[in-house]
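Taken from Swiss-Prot as is:
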type: ACT_SITE; residues: Lys34; note: active site, proton acceptor
type: ACT_SITE; residues: Tyr253; note: active site, proton acceptor
type: BINDING; residues: Arg129, Met301; note: substrate binding site
type: MOD_RES; residues: Lys34; note: N6-(pyridoxal phosphate)lysine
Amino acid sequence: MNFPQAIIDASALRHNLQRVRELAPRSQIMAVVKADGYGHGLTRVADVLVAADAFAVARLEEATALRQAGHRCPVVLLGGISDKEQLQLAAAHRLTLVVHEFAQLDLLERVRITSPLPVWVKADTGMHRLGFPPQVVAKAIARLRCCPAVASVVGLMSHLASADESEDFLTPIQLQTFEGIAAPGLLRSMANSAAVMVYPYAHFDWVRPGLMLYGASPFAHGTGAAVGLKSVMTLQTRLIAIHHLRPGDSIGYGATWVCPEAMTVGVAALGYGDGYPRHAVSGTPVLVNGRPVPLVGRVSMDMITLDLRTQPKAKVGDPVIAWGPNLPVEEVARHATTIPYELLCQVTGRVPRTME
């Protein structure tokens, strides 16, 4: 195949889930598979991560897709619901809701459903995105416990804003706030991937790993391999053209890169239309025949151009890897001034995923 494909390593997924268990042995695992399993394929990933204790998604459509694929474990809808139709659909699929504002609570009190739902309550401990202010959490819990649409209030959760930052002053404050919220009898959940790795006292009853399941590090200067994770996605393609250029020849849109000498370049079938970052700069590493070569010129919609001076025997059809076990997605993200989350999630639908 001369076009891009994403190879998904099932054994690496299972390994990374086990790594979470090793780091948080006393916690249950809510595997975060939102955004199409971080670009790896929602149901494909869930089928491999069946040993997780629950799944977490952001959208109702993701949750129903898991149910339709046959998954019967708890599926937690992190964003909750916003109207009667969504609530009824959530009830029909036996989902677990996150309730993070009073409009959702009002809806649960107003609408009658035949199958009451378990809920988590979300508190805003400092990220100021979703969640009840700490001082009203007890009131929200009390109302939910009296609500006919609520089967049970399972637990209290919050989200860490900067656990992945090297100079993180906020996480201890958030944890102190979280622990100060009165929620007797409720399970607790706070830890994302970064906190699973470096804040064991944030593990509580449930951890919510996302990025680390897919083998990447949430830390700006780290790699998943450095903490015992295995890369799950290999984004690969092939060379589709070889050119022998002269000194002064320019490459790509805008003629932004000029050949310093007579040299060979290769064109690979991969571009921003496939999810490769358009802002990857010249010098971004790409593997040709397993060896690194630099990207040169701008990324096009369907193609990238590579400096083959260190690969004089490269030919049309040779394999090209944009990221994978031997070229961390974190490194590519740094060259594109972005984060691995974005690179994995933005691999487009025209790139076929193959589980191996």
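Cβ atoms here come from the backbone N, Cα and C positions, even for glycine.
All features noted in Swiss-Prot, drawn onto the structure.
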{"residue": "Lys34", "record": "active site, proton acceptor", "Cβ contacts under 8 Å, 6 or more apart": "Ala56, Val57, Ala58, Arg59, Glu62, Leu78, Gly210"}
{"residue": "Arg129", "record": "substrate binding site", "Cβ contacts under 8 Å, 6 or more apart": "His159"}
{"residue": "Tyr253", "record": "active site, proton acceptor", "Cβ contacts under 8 Å, 6 or more apart": "Gly297, Arg298, Ser300"}
{"residue": "Met301", "record": "substrate binding site", "Cβ contacts under 8 Å, 6 or more apart": "Gly271, Tyr272, Gly273"}
